[in-house]
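Undergrad: I have a structure here, written as structure tokens, and I will follow up with some questions on it.
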Amino acid sequence: MDRREFTASLVAGGCAGMCVDLTLFPLDTIKTRLQSQQGFYKAGGFRGIYAGVPSAAIGSFPNAATFFVTYESTKSLFTGYSATNLAPITHMLAASLGEIVACLIRVPTEVVKQRTQANPSLNTYRVLLNTLQEEVLYVYTVSLTYSELIPFSLVQFPLWEYLKAVWWRRQGGRLDSWQAAVCGALAGGVAAFVTTPLDVAKTWIMLAKAGTSTASGNIPKVLYEVWRSRGIPGLFAGSIPRVTVISMGGFIFLGAYEKMRRTLL
């Protein structure tokens, strides 16, 4: 990857991340409260729907920019495999590495954002101070990364690249940005649904108080606790708004990224 491609991925990724996170923030708040251990209405219901937005605004650009720079850099290292049967593995590897690096930025902002969403009476600054006093933010890094983000990206990005390639071939080597956006919406919706139980576990862990068994970050144990207390519906709590948000987000995020990157290149 040369300097121009690096800059294009950085700027396009960051701008796309801010665009989607701020546009769909209210739906993300509803999803978080539906998954909250205390229940939707006790977590705030429809009140303070923009609670936690400062955290999202601060973290969006560097988080998405870091992901796409890593994703595109990894893909460029394996350019020779992109036209072979190994292409999905290349995309999986690139997406996984991208998520691991981006998590260094995403974890603290995500913890503060979700805790503020579930406690709308508190502001972002107060939630940040409380979290720092109780524990170290990065204790959630492993839970967040392995509970949702890597499995989600392992489904979304190979599927996105595959759908784009199929559409590109059927149109004789041409693919518009809006078509890449449609592929992003489909890939995001599928990935969102199949990883909903892991997202529920992540939400319970992030909203748990320090010192509790849930806060320990044991994913299988939390999944079992959710299943035992709420059954299968509990494991898929918030799946409708989650699929809706991520499908719309995939359209905006990946469509905007493709458009901006092509423009900058």
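Note that the numbers count up from 1, one per residue, in the order the chain is shown.
Each Cβ is built from the backbone N, Cα and C atoms, and glycine gets one as well.
Note that TrEMBL annotation is computational and uncurated.
Annotation comment: TrEMBL describes 4-77, 175-263 as repeat 'Solcar'. What TrEMBL lists as transmembrane segment is 48-69, 89-107, 178-198, 235-257.
Show me how these features fit into the shown structure, please.
TA: With a threshold of 8 Å between CB atoms, the same-chain residues lying at least 6 positions outside the transmembrane segment (48-69) that come near it are 6, 9-18, 21-22, 25-26, 28-30, 98-99, 101-102, 104-106, 108-110, 112-117, 119-121, 124, 127-128, 253, 257.
Across the repeat 'Solcar' (175-263), DSSP classifies residues as 75 helix, 0 strand, 14 coil.
Within its own chain, the transmembrane segment (178-198) has Cβ neighbours under 8 Å at 147-148, 151-153, 155-157, 159-160, 163-164, 167, 219, 223, 226, 235-239, 242-243, 245-256, 258, counting only residues six or more beyond its boundaries.
Taking Cβ pairs closer than 8 Å, the transmembrane segment (235-257) reaches residues 12-13, 15-17, 19-20, 23-24, 27-28, 30-32, 34-35, 64, 68, 156, 160, 177-178, 180-189, 191-193, 196-197, 199-200, 223, 226-227 in its own chain, all 6 or more past its ends.
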Undergrad: Could you pull the average pLDDT for the repeat 'Solcar' (175-263)?
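TA: Mean pLDDT, the repeat 'Solcar' (175-263): 88.
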